[in-house]
């Protein structure tokens, strides 16, 4: 094995060098130069400085403006809550540990940080699954004219949290474990060792199969069918022009959110699975750290996407920031946009479609 396994850690460097020390007790500057840890600090600070306010503002705007409290927006709020979990309980911890060059909070802190990072990512993924299924049912109409109600939205949210806990909780209960990864200043599930006491292999297969492959397949199936349906409707003029436009644009927004998530998390998933299937392979701490830290950027994608692509939401956010006034004068435009979307709302009971 080209790494060193401890009681509750795995350092990707052989102890033949005599340099390896516990990542809970000593700086890990033998894995990467100190300046690389400072770069991580700057990057995480940027995510905290931008992600925390924009997700809090997303929640504030949604609760303040009654017209935004539509069933499909509940899922978007759920995404914002997941991103806040990651920012508050994941990013802040990673910033401090990277600043010190090792996981200063010990094994318990590592388990907590790994849990919240996994939980936040899973809530985001399963929320996108719910959005994809909603788009498929509303646009493709396999169940007729389906009305997406508040009850359906709350059921979807409950489902996302159930699935997320079923992924993030097992390592806290003895099925696998959370250990420092990469540069040893953030934590994740143990993809690295074959420790029989924790049954790591079965957990990793379960996690990749149930909590990555299946959701991604459902998302791609839903949007594959949806794109075909939108094209058919456009060719046959089955819907009014305004309804077609609104459905296309809300679909485009959700697809961008899915692509943003996949862009952030797929590199991490692929590198982790490669390490898992090639136990003992020689890899640098940076190899795992780069995709691990890049995956955290997903907390910025979703609010930016639906603020940029949803004119009504964007207008509400600007008026909230500017104390009730929109200096860009979009109120009238937003009102007309909202009016034109009532046809979509009558089907999906939602007004998230952008203009």
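Just so you know, glycine gets a Cβ as well, placed from its N, Cα and C.
Residues annotated as N-linked glycosylation site in Swiss-Prot: 2, 15, 200. Marked as region 'Disordered' by Swiss-Prot: 332-355. Among the features that Swiss-Prot reports, topological domain 'Extracellular' is placed at 1-36, 99-113, 177-202, 277-284. Here Swiss-Prot flags 37-61, 74-98, 114-133, 153-176, 203-230, 253-276, 285-309 as transmembrane segment.
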Position of peak Cβ density within 10 Å, selected from the glycosylation sites 2, 15, 200: 200
Outside the transmembrane segment (203-230), six or more residues from its ends: residues with CB under 8 Å to it: 122, 125-126, 128-129, 132-133, 135-136, 139-141, 163, 166-167, 170-171, 175-176, 189, 191, 244, 247-248, 251, 255, 258, 262, 269, 273, 276
Top partner of the transmembrane segment (74-98) among 114-133, 253-276, 285-309 - counted as Cβ pairs under 8 Å: 114-133
Mapped DSSP class for residue 2 (N-linked glycosylation site), helix or strand or coil: coil
Inter-residue Cα distance where the pair is residue 15 (N-linked glycosylation site) and residue 200 (N-linked glycosylation site), in Å: 23
Residues of the topological domain 'Extracellular' (99-113) by DSSP state, where helix covers H, G and I: 10 helix, 0 strand, 5 coil
